[in-house]
């Protein structure tokens, strides 16, 4: 079978294997980033992958990148820059024992229970009723479970750092528990994200998923790692402003991807050429600058009547 017909002919293409390898390297680098940087910073910067994909698709695949997409790319870059400048600082976690203490925090336990209960309600109650009509149902499941998967990735990153330093991490049960939880969370995410993409347009699913997923991860990181506890007001405002700027850019980049940008959608005064505008402006100016009598018309009539009467 040919490519795109549901077969497995793509396994014989070297380009597919090269793409798979590049994706693996990128995910490994993203995995490592969670071990060295706050999740509140790493997750929103994932929007840059969307930006790079759009630019490369426009360059090599000759896909159209309209004005809305270009503005969205610029907004994503600006928002990412603002978030890097005002990045929060998380509490230092150097061992799995510290991670275990964080996981026992009552605030995180309440958050995790709320995520699990809401996800079960969305899957078994809201999904059969509204899943085919509302994009938020399955995307919310992916986003909520994704916040827990990021926490698992963070813990596994700490375990790998300890493993490379020579500590007996393989004997710690927490590392294996985090690995099992990560596999389960990722499986649920992939399943329901594919469901959402199968039902709705990708231009709708992608920005909604990015916003909900990033918001859930930022909430989970703020509760688990206390990233926002020691931030000053200007850094909080800067982080939120950068995130909202990225959201605006992603929305413009995806929601108007298939909308052609033609002069017909411009306002009427922008559709006219500069020559026509200059000509009409000159005409209006010439008419407005013609000599007019200083006296009103009524005064002119009165004056002419008096002159006729005097001459008689």
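Using N, Cα and C of the backbone, Cβ positions are placed for all residues, glycine too.
Bear in mind that TrEMBL entries carry predicted annotations, made automatically and left uncurated.
Annotated in TrEMBL:
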type	residues	note
REGION	288-312	region 'Disordered'
TRANSMEM	14-34	transmembrane segment
TRANSMEM	41-61	transmembrane segment
TRANSMEM	108-129	transmembrane segment
TRANSMEM	135-153	transmembrane segment
TRANSMEM	174-193	transmembrane segment
TRANSMEM	199-224	transmembrane segment
TRANSMEM	236-256	transmembrane segment
Report the listed stretch (14-34, 41-61, 199-224, 236-256) having the maximum count of Cβ pairs within less than 8 Å of the transmembrane segment (108-129). 199-224
Taking the transmembrane segment (199-224) as the reference, which of 135-153, 174-193, 236-256 gives the largest number of Cβ pairs under 8 angstroms? 135-153
Which range out of 14-34, 41-61, 135-153, 236-256 gives the transmembrane segment (174-193) the most CB pairs under 8 Å? 135-153
What residues elsewhere in the chain lie close to the transmembrane segment (236-256), defined as a C-beta under 8 angstroms and at least 6 residues from its ends? 40, 44, 47, 50-51, 54, 66, 68-69, 71-88, 202-204, 206-207, 210-211, 214, 218, 228
